[in-house]
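Undergrad: TrEMBL lists these features:
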type     : residues : note
TRANSMEM : 36-58    : transmembrane segment
DOMAIN   : 49-276   : domain 'G-protein coupled receptors family 1 profile'
TRANSMEM : 70-98    : transmembrane segment
TRANSMEM : 118-139  : transmembrane segment
TRANSMEM : 160-180  : transmembrane segment
TRANSMEM : 208-235  : transmembrane segment
Amino acid sequence: MQVTQDSNSSGFNTNFNSSTMTPQVDFPHNGIPSNPIIACLTMTLGILFNVVALIILIKAYTRFRRRSKATFLLFASSLVVTDLTGHVVSGGLVLRRYSTANFTSQDGPTNPDSPCQFLGGCLVFFGLCPLFLGCAMAAERCLGVTNPLLHARLVTTARTKIALSMTWFLALCVALLPVFQLGDYTYQYPGTWCFIKVMDTNAKNLTFVMLFSGLALSSLALAFICNTISGLTLIRARLKKNSSSQRFSARSHDTEMVVQLVGIMVTSCICWSPLL
């Protein structure tokens, strides 16, 4: 979501020529976009950090043989790969938009062109996926901490892959809703990126906005609840101090994973709460 740094600025206005009914998009600052250095730097740092994280996760996945740890690492690796792809695809499209700097050939926010539709769908898809994955990881760890026996019976590598596929599919379905005339994507100031059309009272646009916000906020809320339950359970277990050394080692792994999940949750809240 490196392209959202301009989202707090005022949007653009669309005026129609009375003779041709051709939309004319008026951008501030004489149609010249802001400096692309920030967007380029953010994309580069996001790619670099995700590549480093992916290398670390791959090495850790080959070391750990415990199924709970392997499942967690599979979720984490999928989250990193998704976020990395989002930086590459969305960032590349935004930088291409900066390079063309052609703000007079758009069809307007009510009928955006294909690049705008694609970029808007990418931002929704790659925005929802990390939230969904973070929620799934928190729920998986909550089950593993509170009910290890049930977790051992239910959670397998095959089911984890199915859950990942369903997560990506759900995010894709939401991103494709404008294709079925439910909601719109529109150019956002300074015209270098597209996102959901929020400043509109149209019923379909409101439904799309509420669906996106509802799913994202629900994911954050559920992750918060699951991480809180996991944290409290681990704290109580540590205070009792009546487990064996093997059990303590297992709890140490659980504590490490829950701390990482809390970090993911806090980062997601900081990045998404203002927008949502």
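Backbone N, Cα and C define each Cβ position, glycine as well.
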Undergrad: State, in range form, which of 36-58, 70-98, 160-180, 208-235 has the highest count of Cβ pairs under 8 Å to the transmembrane segment (118-139).
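TA: Top-ranked stretch among 36-58, 70-98, 160-180, 208-235: 70-98.
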Undergrad: Near the transmembrane segment (36-58), which residues from the same chain, at least 6 beyond its ends, have a CB less than 8 A from one of its CBs?
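TA: Tertiary neighbours of the transmembrane segment (36-58) are 2-3, 5, 73, 76-77, 80-81, 83-84, 87-88, 91-92, 94-95, 98, 192.
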Undergrad: So which residues does the transmembrane segment (208-235) touch in its own chain, when a touch means Cβ under 8 Å and the partner is 6 or more beyond its ends?
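TA: Tertiary neighbours of the transmembrane segment (208-235) are 124, 127-128, 131-132, 134-135, 137-139, 141-142, 145-146, 174, 177-178, 182-184, 196, 198, 251, 254-255, 258, 261-262, 264-265, 268-269, 272-273, 276.
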Undergrad: Any residues 6+ beyond the ends of the transmembrane segment (160-180) with a Cβ under 8 Å from its own?
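TA: Contacts with the transmembrane segment (160-180): 71, 74-75, 78, 82, 117, 120-122, 124-125, 128-129, 132-133, 136, 140, 208, 211-212, 215.
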